[in-house]
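Written out below as structure tokens is the structure these notes cover.
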Amino acid sequence: MTRMTSTLVLLRHGESVWNAKNLFTGWVDVDLSDTGRSEAVAGGRMLADAGVLPDVVHTSVLRRAITTAHLALDAADRHWIPVRRDWRLNERHYGDLQGKDKKQTMEQFGEEQFMLWRRSYDTPPPPIADDNEYSQQGDPRYAHLGDQMPRTECLKDVVARLVPYWETEIRADLEAGHTVLVAAHGNSLRALVKHLDGIGDDEIAALNIPTGMPLVYELDDDFTPVTKGGRYLDPEAAATAAAAVANQGR
Ligand SMILES: O=C(O)[C@@H](CO)OP(=O)(O)O
């Protein structure tokens, strides 16, 4: 019997202008920095060099993921593939921390509280006020969400909104035999990896995803990763960059 496997590529957007300034970002729709644009192009070249060629791409509705997908696919000569976008792939909503400096936040609230907000599974930051300049209240791309629109999220909330999208839209494309690229965000991809690899609620705190580095999963016919954790196309660079993400704020 032939075993059917499928290929899923996860790509966190390249460095954004707020990553460069060390600000909590969440749903604020900031652009890529020049470094982030170069990372996206390099990520696309890595895919082409490895012969991993996406047939369909899923992105969040935030421009740093959308632009990263475009630049990477253009570099891989796959700019023409079908695109699907959904808010369920958005970064975790960072509540009242959106727009705040990570280092200052750690100094103000202490490392324990800072890490609880940043990496605990189920402690959301305080909700953002609707009149905060970094609120998404009134943004037309979320009008259809009504009362469902988050004003803060912990990783558990991201798992709850993302897994239904994985189970329907992304899995349907994999089942159809497509190589799927998901261009999204540090915490939405942590939520997806947690689900795929069956990582525990405490263990997931230690997992960080670097910007612009393709992470390739081969999935079994029941969508279990053939190799837990997948494989980065440049594992050494990915490990160094993931450690830098872990240390933000320090
Ligand atoms: O600010 C954010 O939205 C995220 C990703 O950049 O930050 P963190 O890694 O601290 O969760």
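Just so you know, glycine gets a Cβ as well, placed from its N, Cα and C.
Sequence-distant contacts of His13 (active site, tele-phosphohistidine intermediate), defined by Cβ-Cβ distance under 8 angstroms and a gap of at least six in the same chain, are Leu32, Gly36, Ala40, Leu62, Arg64, Ala65, Thr67, Thr68, Ala183, Ala184, His185, Thr211, Gly212. Residues or ranges marked as active site, tele-phosphohistidine intermediate by TrEMBL: His13.
Annotation source TrEMBL lists active site, proton donor/acceptor at Glu91. All chains included, 26 other C-beta atoms sit within 10 angstroms of the C-beta of Glu91 (active site, proton donor/acceptor). DSSP assigns Glu91 (active site, proton donor/acceptor) to coil in the three-state reduction, placing it in neither a helix nor a strand.
If you look up TrEMBL, you'll see 12-19, 25-26, Arg64, 91-94, Lys102, 118-119, 186-187 marked as substrate binding site. Summarising the environment of Glu15 (substrate binding site), the number of other Cβ atoms within 10 Å of its Cβ, over all protein chains shown, is 23.
Residues or ranges marked as site 'Transition state stabilizer' in TrEMBL: His185. In the three-state DSSP reading, His185 (site 'Transition state stabilizer') counts as coil. A sphere of 10 angstroms centred on the C-beta of His185 (site 'Transition state stabilizer') encloses 27 other C-beta atoms.
There are 27 other Cβ atoms within 10 Å of the Cβ belonging to Arg92 (substrate binding site). Filtering Arg12, Glu15, Trp18, Gly26, Glu91, Gly186 by Cβ distance to ligand 1 (under 6 A) retains the following recorded positions: Gly26, Glu91, Gly186. According to its DSSP assignment, Trp18 (substrate binding site) is helical.
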